[in-house]
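According to Swiss-Prot, the active site annotation covers D98, D100, D282.
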Amino acid sequence: MRPATLEFIKQQFTGYYQRVYPVTPDALLQREWGFIFFDAGREVRMRRHLAFGERQELTEYLKTMVPAHVFYSSAYYESPGAPTMAEKGWSGADLIFDLDADHIMHGSYQAMLARVKEEVQKLLAVLTDELGFSEKYCEVVFSGGRGYHIHVNDLAVRSWGSAERREVVNYVCGIGLDPGLLIRAGTDLSTGWPRRYLGALDGYLAWLKVKNQKDALLHLSSIKGVSRSSAAGLLKSLDQVRATIGGDHPEKVLGDRVLRAVTTNDNPDWKKRLQETGVQADEPVTTDIKRLIRMPTSLHGGSGLRVVPLTISEVQEFDPLIDAVVFGDRDVQVTAEKTLTVSLLGNTYEVSAGTQTVPEAVAVFLCCRGLAEIAEGR
């Protein structure tokens, strides 16, 4: 990044922190803070093990230091500013889920943001409808980058260790499912993982049905434990098997030896389908009881977008490419290395290779993402 570009971004961030009073997490006195600063060097370094006694102290720090990224601990500590983790005195942590589009799909920035929001809504439904968390304890935060964080601030989970959090994220993501326990006679198969599992299985069989039969036979017989003859038998009985899944006793299909072999991790196509049925959350974030997470209302140094806190009711209508933009439309000259398209503020901007004038918000976005530089002699 050129010095002029770095200075431009810092000026924009400075202006933002001068005019905004940040939202701070509950129990500010018990939180550790970490910051990454604008630096011309390539090595990214975080300054952490910091603590603030009051909101105004943090506000002045942001105004003075103007960080590129702002983080605080999901954990609560007796001495959050202690220089080592052992000295901090852990006393609990919020339950955090991280949904990052990079782990879900690849595509345009706009498409990735739309796709990851689907996962947010899926996760919220699981948390509230199946795991019983109250909506008032669930906060959604747009990360300012490619995803969202969901904070569960329920006192009932604060003392949980990594093992308990692992159980929750395993359920949410559908890891280690035992179909024999899920799909049993007399259980409600219309909700939760029983419904999702049967839906995934029916979808997989429907995929086999429309697939070229030679390719379907080759696919099935390549799975460990499935012979060519047994694969052919399953293909011939697909309609009957699917009818059983949709009938009164879907648990009967679990007795089929071929289906048991097909629905294991040895079958990557089934594994992927089942994974997509669950929530595609970043598991290590949830199990980490000392995680640093982005501060809502701060700016993301990799995009220039605001880290936006949301209630559950606000998620549906939220558009990060409009609602997380905090900069204006004054003209700024930038130089792009290649032609690209940017969707921002409800408009689509065609940016050509070379030097041109774009709105300030677009300039910040492009420069933060490393897609353009401030034009020389602007």
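The chain as shown is numbered from 1 upward.
Cβ from N, Cα, C; glycine included.
Its Cβ taken as reference, D98 (active site) is surrounded by 20 other Cβ atoms within 10 Å in the chains shown. Under the three-state DSSP scheme, D282 (active site) falls in the coil class. For the pair formed by D100 (active site) and D282 (active site), distance between Cα atoms is given as 7 Å, rounded to the nearest Å.
The two recorded residues, D98 (active site) and D282 (active site), show a Cα separation of 5 Å.
Here the Cβ of D282 (active site) has 19 other Cβ atoms within 10 Å, regardless of which shown protein chain they belong to.
A strand conformation is recorded for D98 (active site) in the three-state DSSP classification.
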